[in-house]
Each structure stands twice: as C-alpha cells, then as structure tokens.
C-alpha cells in the first residue's frame with residue numbers, strides 16, 4: 001500500500017473513531033438533562049412550561065458539541081494538509 005493509501009485509511013479510521021467518541025459525551029449529557037427535567041416536572045407540574053423551555057435551550061447547546069465534532073471531522077477528512085504534502 002502506498003503512503004497516500006495508508007494515510008487515507010488511517011485518517012478515515014480516526015474520523016470514524018472521533019465521531020463515535022465525540023457523540024458519547026453529548027449523548028450522555030442529553031440523557032441526564034432529560035431525566036432531571038422529567039424529575040423536576042414530576043415534582044412541580046405547574047412549572048412545566050418554564051422547565052421545558054430551559055430544557056430545550058440546554059439541549060440545543062449540548063447538541064452543538066456534537067455538531068462541532070462533525071464539522072472538525074469533515075474538515076480533517078476532506079481538507080487534510082498532510083494529504084497535500086504526500087502528493088507533492
């Protein structure tokens with residue numbers, strides 16, 4: 001296998017690993033946030049709208065972490081400076 005082929009294979013494998021590990025944290029965070037929000041609504045049903053609003057804001061912020069991981073992985077996959085170095 002040439003250097004370019006080996007490099008491309010390794011970059012692809014690392015990108016898959018990064019996506020897998022990068023969404024574990026936000027996924028766990030979302031699960032915990034939803035569980036706590038449901039507990040809060042069960043304790044104080046009259047604050048359901050307020051709790052839901054803050055929950056959605058928090059979930060959007062947590063989800064942005066997973067989106068950042070995706071963007072970084074796509075940049076590494078499709079615009080790798082090392083690949084340009086190997087092709088020269």
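Using N, Cα and C of the backbone, Cβ positions are placed for all residues, glycine too.
Unlike curated records, TrEMBL annotations are generated automatically.
Remember, predicted model here, so these are calculated numbers, not experimental data.
What TrEMBL records for this protein:
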- 6-34: transmembrane segment (TRANSMEM)
- 15-75: domain 'V-ATPase proteolipid subunit C-like' (DOMAIN)
- 54-78: transmembrane segment (TRANSMEM)
- 63: site 'Reversibly protonated during proton transport' (SITE)
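With a cut-off of 8 Å between CB atoms and residues at least 6 apart in sequence, the same chain places 26, 30 near residue 63 (site 'Reversibly protonated during proton transport'), listed in sequence order. Under DSSP, residues within the domain 'V-ATPase proteolipid subunit C-like' (15-75) fall into helix, strand and coil as 59 helix, 0 strand, 2 coil.
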